[in-house]
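Novice: Got a structure here, written out as structure tokens. Questions coming.
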Amino acid sequence: MSCRAGKKLFQWSRVKSSTEEIVKQLTVPLREHAEPILTLTPEQKREAVRLKIQEIEHTKGQPPFFDMFMREHTYLRISLTEKCNFRCLYCMPAEGVPLKPKDKMLSNSEVLRLVKLFAAHGVDKVRLTGGEPTIRKDIVHIVEGISSTPGIKEVGITTNGLVLQRFLPQLRDAGLTKINISIDSLDREKFAKMTRRDGFDKVWKAIELARGYYPKVKLNVVVLKHQNENEVVDFVNLTKDRNLDVRFIEFMPFGGNEFKNDNFIGYREMLNLIVDKYGDGVIRLSDSPNDTTKAYKIDGFQGQFGFITSMSDHFCNTCNRLRITADGNLKVCLHGNSEVSLRDRIRCGDSDEQLSEVIQKAVNNKKARHAVFRNGRSEEPAKSSNDSYRGLTPVTSASSILVHLPSSSLYHSHLHSSRHFFISQIRCFSTTYSVSSITHLLTHVDNNGNAKQVDVSQKDTSTRTAVARGTIILTAEISRQISENTIKKGDVLTVAKIASILGAKQVANLIPLCHPIRLDFVDTVFNHDIENSKLHCISTARCSGNTGVEMEALTACTIALLTVYDMCKAISQKMMLTNIYLVHKSGGKTTYTIDNENQI
């Protein structure tokens, strides 16, 4: 080897090593992406949630939509149409996709009603998507209606830009605050190949027009290997003297786009290309809360760039997004198949309260992460909501435990039901209260210490809710068979769920001084801790009446656990029911909420 050749090889190795080292530093996860969404102590979390809910309920009047992982959903994406005037390679086949009839699509008024409903629950950001949203003829009126909805702070649109010039001035005047334009190549021929349409000039003119209207315009670039990855640096160069935020999007699988791993290029590989060009001039920026983008910029450049890394490094921990399809289906995860039709509910005459319950139920079923990244490998999107990965069967209102945290005292008037027990506790604490001063606190005991039923005829009728929790400790074998649904008697959790409903209906026949109640709703959900051989149960009861449903919730929970015992006792009697307690009650004179049994 000549001296000159050896010198070149040394220089190349040093550059490569330097690039790898820079990329390694640049891809260290930021705290908001590397850590779970909740990093507070339990006490801090309870206080933060209580204050946040108080703030939102004070201004909006409705509790926010929290999922079972305490992610608050404040961002709504609405697809306005299935139609598109492009046929992008990564999005749909050349012949397009089958379209639903127009009467199956959400109307203008239905869209605005849903926006108003979500805004009442704390959603403050709405983005309009498609298909191509600018195809919709009433797009300007929709933007105007959304922007004028109380509580909505941002209205954005994601568009391919083909006809944007025609509408942009009107959209801005109507209240459009954010704009994302999709453009996957800066080469006209390649652009036409990737979109199967000749529209580069119109799209570029739309970008330039938008730059004059908005302080920052986002460009969405889906990067495909062997297609446009060689343009990554060219797109970054656009940010030198332009107010652009270029977002490189990893190719994702979804219906109709014929996803192939051969076309996939991860963000670290893209970042390598940029660092090879700019070296340590690449700067990592801080990401905003709930941001989907890992943000960067080149030192001295006006704009910035980033990566949406749904495939290689998910951002599910901070996901605050919900989606409504053009035909009115609610999706809590882009990668999930689970949907619920809000359109059908609206057209059947559901009230806003009923719609809110449907939405909360769907949000409760949102998984910790989208299916593509379970167990560290790529998998098919979830087919069933009864998912052992989460250990949760479908839930309805368990998260209401978290969205009704009170600021009032945790005193519970039915905690002690025995006069003797109450007085013995008083002696332990050296108090000097008389029996008569104590028994008036016990609503089922008169001044002489005799049992009585409470007269509820003068109480106001209101919606009463109660939630109870309990646990059954299992053997490892029973736990395994429940998870695999191989118990000989049948589906344990389904039978226990039904039994809990039947049990709640029998409370007045079982507890002597309880009033018969017309229940509006009873539901039980299970959280199976397979590793520790525990099955946790949460039961919710609700009624519209003049007395509470705490006993119904507690009975439902207890009966559910007893049913599990009965279904499994042929395997082993070594099971124990434990920690059955009231978690939450609301709707009456007092509200009561507790996070765990240690607070009792």
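Count begins at 1; order follows the chain as displayed.
Keep in mind that glycine also has a Cβ here, set from the backbone N, Cα and C atoms.
Small disclaimer: the values here were computed from a predicted structure and weren't measured.
According to Swiss-Prot, the GTP binding site annotation covers R77, R127, T158, K218, R321, L322, R323, on the basis of similarity to another entry. What Swiss-Prot records for C84, C88, C91 is [4Fe-4S] cluster 1 binding site. The annotation [4Fe-4S] cluster 2 binding site is assigned in Swiss-Prot to C316, C319, C333. What Swiss-Prot records for 68-284 is domain 'Radical SAM core', and it gives sequence analysis as the kind of evidence. Taken from Swiss-Prot, the feature region 'Molybdenum cofactor biosynthesis protein A' applies to 4-371. Taken from Swiss-Prot, the feature region 'Disordered' covers 369-390. According to Swiss-Prot, the region 'Molybdenum cofactor biosynthesis protein C' annotation covers 396-595.
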Novice: Highest Cβ count within 10 Å among the binding-site residues C84, C88, C316, C319: which residue is it?
Specialist: C319
Novice: Look up C88 ([4Fe-4S] cluster 1 binding site) in the DSSP assignment and report helix, strand or coil.
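Specialist: In three-state terms, C88 ([4Fe-4S] cluster 1 binding site) counts as coil.
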Novice: For the domain 'Radical SAM core' (68-284), what is the mean per-residue pLDDT, to the nearest integer?
Specialist: 92
Novice: Using a 10 Å radius around each Cβ and counting other Cβ atoms from all shown chains, which of the binding-site residues C91, L322, C333 yields the largest count?
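Specialist: The largest 10 Å Cβ neighbour count belongs to L322.
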Novice: Could you check which of the binding-site residues (C84, C88, C91) sits closest to R321 (GTP binding site), going Cα to Cα?
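Specialist: Given the candidates C84, C88, C91, the nearest one is C91.
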Novice: Please report how many Å separate the Cα atom of T158 (GTP binding site) from that of C84 ([4Fe-4S] cluster 1 binding site), as a whole number.
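Specialist: Counting only the Cα atoms, the answer is 12 Å.
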Novice: From the binding-site residues C84, C88, C91, R127, K218, pick the residue whose C-alpha lies nearest to the C-alpha of C319 ([4Fe-4S] cluster 2 binding site).
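Specialist: So, of the listed binding-site residues, the one sitting closest to C319 ([4Fe-4S] cluster 2 binding site) is R127.
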Novice: Between C333 ([4Fe-4S] cluster 2 binding site) and L322 (GTP binding site), find the distance joining the two CA atoms and give it rounded to the nearest Å.
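Specialist: Cα of C333 ([4Fe-4S] cluster 2 binding site) to Cα of L322 (GTP binding site) measures 7 Å after rounding.
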Novice: Taking the center of the Cβ atoms of C84, C88, C91 at the recorded [4Fe-4S] cluster 1 site, which other residues in this chain have a Cβ no more than 8 Å from that point?
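Specialist: Going along the sequence, the neighbours appear as F86, R87, Y90, M92, N160, T195.
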Novice: State the Cα to Cα distance, in Å, between R77 (GTP binding site) and C84 ([4Fe-4S] cluster 1 binding site), rounded to an integer.
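Specialist: Between the Cα atoms of R77 (GTP binding site) and C84 ([4Fe-4S] cluster 1 binding site), the distance comes to 17 Å.
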Novice: Specify the nearest of the binding-site residues R127, K218, C316, R323 to C88 ([4Fe-4S] cluster 1 binding site), where nearness means the distance between Cα atoms.
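Specialist: Of all the candidates listed, K218 is nearest in space.
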Novice: Roughly how many Å separate the Cα of K218 (GTP binding site) from that of C91 ([4Fe-4S] cluster 1 binding site), to the nearest whole number?
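Specialist: One finds 19 Å between the Cα atoms of these residues.
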Novice: Measuring Cα to Cα, how far is C84 ([4Fe-4S] cluster 1 binding site) from R127 (GTP binding site) in Å?
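Specialist: Computed Cα spacing between C84 ([4Fe-4S] cluster 1 binding site) and R127 (GTP binding site) is 17 Å.
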